[in-house]
Amino acid sequence: LQAERWFADFAAWFGSDVIEASSIFVKLCYAALFLAVLLVVVAFSERALKSPWGRMMRAIRDNEDAAEAMGKDVTRRHLQIFIIGSAVIGIAGAMLTTLDGQFTPGTYQPLRFTFLIWIMVIIGGSGNNWGSVLGGFLVWFVWIEAEPAGLWLMDTITDGFSDDSPLRAHLLEAAPHMRLIIMGIILLLVMRFAPRGLIPEVMRR
């Protein structure tokens, strides 16, 4: 891309370096691809939610015994959900690996890819597809910004300490863990004041 004449002219028109412009261009392309995939997945999820199959799934979720008594194959429906969910996660994993450029199983922490996902769903609204999307964006933004905010807070608190103070060094070293405290506080507030999430499930009769 950097060797293409048209891209060099395009970068020069914006007054940017070719290397920097190519990096931004690739990231924008990835963002467009991810947005397109997200919209497709949400569109299919919305159609499934409003279909007879979706109503049956909600009935099984609310009361498995009653749904089974009405002749629904609960075990088969659970298997369907597992397969569909695994397929969506597989697509997300493929996009993440493509973005990162590598796949290293040891770097995938359960805290980041399990606990954080649950918080996204709970905060956004577990019964609403758009709520889950909103929760994902909000929680990830807070997760990313919490680390520099924690470093700034600890640096401000320990400003009066000497540079070789072990307490100051310990607090600055532990500052990135502030994001866990922030996530816990946000989760508690949402569970207290909006237990159904920011965009709750629409109850249909």
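Including glycine, each Cβ sits where the backbone N, Cα and C put it.
Just so you know, TrEMBL annotations are computer predictions that nobody has curated.
Quick caveat, the model's predicted, so the values are computed rather than measured.
The transmembrane segment feature in TrEMBL is assigned to 24-45 (among others).
Summarising the annotation, TrEMBL assigns transmembrane segment to 79-99 (among others).
The annotation transmembrane segment is assigned in TrEMBL to 111-130 (among others).
Annotation source TrEMBL lists transmembrane segment at 137-154 (among others). Remote same-chain residues near the transmembrane segment (137-154) are listed as 116, 119-120, 123-124, 171-172, 174-179, 182-183, 186, 198 (criterion: CB distance under 8 Å, separation of at least six residues from the stretch ends).
Packing against the transmembrane segment (174-195) from elsewhere in the chain are residues 116, 119, 122-123, 139, 142-143, 146-147, 149-151, 153-155: each is 6 or more residues past its ends and has a CB under 8 Å from a CB in it. Annotation source TrEMBL lists transmembrane segment at 174-195 (among others).
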